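In TrEMBL this protein carries:
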COMPBIAS  8-32  compositional bias 'Basic and acidic residues'
COMPBIAS  53-63  compositional bias 'Basic and acidic residues'
DOMAIN    261-307  domain 'F-box'
REGION    1-71  region 'Disordered'
REGION    123-143  region 'Disordered'
REPEAT    365-397  repeat 'WD'
REPEAT    398-437  repeat 'WD'
REPEAT    438-477  repeat 'WD'
REPEAT    478-517  repeat 'WD'
REPEAT    518-557  repeat 'WD'
REPEAT    558-597  repeat 'WD'
REPEAT    601-640  repeat 'WD'
Amino acid sequence: MVGRPGKKRGDEEEEKTRQHEEEERGEKDQIRRLQSKYGVGHEKSETGVMETTHGDKPGKDGHSPISSSTITSISFISSSVSRESLEEDEVRVSIVTVEDESCPSEPLGTTLIDPHSQFVLGENEEEHGGEEETKNEEEEEGEGAVVVHLQQMKRKLDHGPDGRPFPSGKKHCKGSGYLSPASLAQATPTTFGDLRLANGHSAQRRRVTSGPPPSGLQDWLLTFQTWSGPERLLALDELIDRCETSQVKHMMQVIEPQFQRDFISLLPKELALYVLTFLAPRDLLQAAQTCRYWRILAEDNLLWREKCREEGISERVHRRDCEQPGADISPWKSAYIRQHRIETNWRRGDDREPSVLKGHDDHVITCLQFSGDLIVSGSDDNTLKVWSAITGKCLRTLMGHTGGVWCSQMAVATVISGSTDRTLRVWDAESGKCVHTLYGHTSTVRCMHLHGNRVVSGSRDTTLRVWDVSTGRCEHVLTGHVAAVRCVQYDGRRVVSGGYDYMVKVWDPETEVCLHTLQGHTNRVYSLQFDGVFVVSGSLDTSIRVWDAETGGCVHTLTGHQSLTSGMELRDHILVSGNADSTVRVWDIRSGQCLHTLQGPNKHQSAVTCLQFCRGLVLSSSDDGTVKLWDLRTGAWLRDVVVLQSRGSGGVVWRIRASDTRLVCAAGSRNGTEETKLLVLDFDLDEKKEAVDIN
């Protein structure tokens, strides 16, 4: 009787042991079924942490790719621990692969996932232990846990930490609380291969196809890796010294791209634009072709406004480009490109023939003016003609003078002409009507100068007269010269005149008083320039004199020409003079020095008849039948803009007038070898505008 209770207790212990072993076998079978179902294998490490691998193929770098689209999780219970410990120390291993959701700039590698950082299963997942379940129930529970785990991990990848979904087309790849490639990879590249991966390049770069690798290569590489940093540098120096040029070039092609950075795109827009301000306009145009973002920066309107101001392009030109239909995104850039095209056309020319405007028969064109699209020519045939600079047609002929027209001035559509009939006439060029006839002079009106609403005329009767153009009334008469007045300048405040009496006089027109008589020339004065501070006079005595307009003193005497100085142009203290000795000289009137003499093998072969300043260029016409273009800064000859067919045999270019975009030349001959005509060259033509003009 005593032995029965002991036997019963032993049977109960054996029964419990048997049940425990059956439960362990059932759990192992469940794990194997899950592994078989989801393609997961495992090995037990020495530390007790399970390292798992996925059935997918490894990536090029030897690591398994990670994708939110293929995520599995299993519950693994070590058989080496007791049931009681399993209830407290359950180990969960998640296998995660990321394929198309990874950041290309962040290299990936294998990592062991800490069990404590795993996603928590849903509340509906039941713990192991408790009541005994059947094998089917255990399988359903395990599969349910995996599905719930998958859904929760998917939800964490598709949503941010706050539960809100990410924008469509993008997956958030940084932050805490959810899986990111940065948390799976090494933060800082330590080798060049890591750097390539960090830059988004494939680990398999293009290899040199020169056959199989040499024997011992791997041993050599392993030896290299065992060396310290200084030892590696020394080895590389020795290796490079032994390389051929082609091999060094190959190294550069592999290495250099990894250290190139588009720093402009990385900077804030304001700083990027500031950097671009240091580029020349030509370089900006090239930078715009780099990429789309650089083009956006290089089109910035304020950036091009500064470039236009540096080049001296005015607001007026900018407004004109803004008003044009179909203007570029940046009006200032459009203005710059247009001005650059005009400058190129001036300096290099093209194959376009000039427009030819024929008129005045075989008479001499004595004066030439143009404003806007209107050209006005005066001739010794007693008429003036108004031409269209666009079509080349003669719009109207201004008739009324009874003698040859010797001088003229023009402002917008108002034309004033002086004639040998001793009168001045005021014309409306658009209607062709004579608005006023100004009587008063007793001899040929030889010169005049228009400023605002007043015109000052000089005559062979030795007097000067100040006229109101709008009323036609003579306001003042200036007397003092003892010979014909040949040239005059008026700036609205002072009148300066030069005559055949060798004198230059400075007048106050309001009081009709001669303030200064500038004496020094020893022959007739033929040309004048006046900028409000300095008076410059050119004479038949071959000299040019610079005078102080306030004191009347002679500041400089410019010598070098050999004959009559027939024309001059003054701008910003730079004087250009044309002489009958066939040369053109450039002077600085502040120092009195001759900066350039425009001569050499391409110089004029006869007397210089007219001069013009334009865009840092000098235009000179001559009795030799040519118009030459010179660089004002260097004094270099650039090209012959106009060459008459009868050059050298009687062809003459009498007068030229130039604007920023056009050149008008009055040409002919004294012996009938060349027709009297006007030549018009437009340097603002492009293909589109030319097609419109032709149509």
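Yeah, the Cβs are placed from backbone N, Cα and C, and that goes for glycine too.
Away from its own ends, the repeat 'WD' (518-557) comes close to residues 486-489, 491, 493-494, 496-500, 502-506, 563-570, 575, 577, 579, 587, 589, 591-592 of its chain (Cβ-Cβ under 8 Å, at least six residues beyond either end). Panel annotation: around the repeat 'WD' (558-597), residues 526-531, 534, 536, 538-540, 542-546, 603-613, 618, 620, 622, 624, 630, 632, 634-635 of the same chain, lying at least six beyond its termini, place a Cβ under 8 Å from a Cβ of the stretch. As a whole-number mean, the pLDDT of the repeat 'WD' (398-437) in this prediction is 95. For the repeat 'WD' (438-477), residue counts in helix, strand and coil come to 0 helix, 23 strand, 17 coil, using DSSP.
Secondary structure of the repeat 'WD' (478-517) per DSSP (helix as H, G, I; strand as E, B; remaining residues coil): 0 helix, 22 strand, 18 coil. Each residue in the repeat 'WD' (601-640) gets a DSSP state, and the totals come to 0 helix, 23 strand, 17 coil. For the repeat 'WD' (518-557), the number of residues in each DSSP class (helix H, G, I; strand E, B; coil) is 0 helix, 22 strand, 18 coil.
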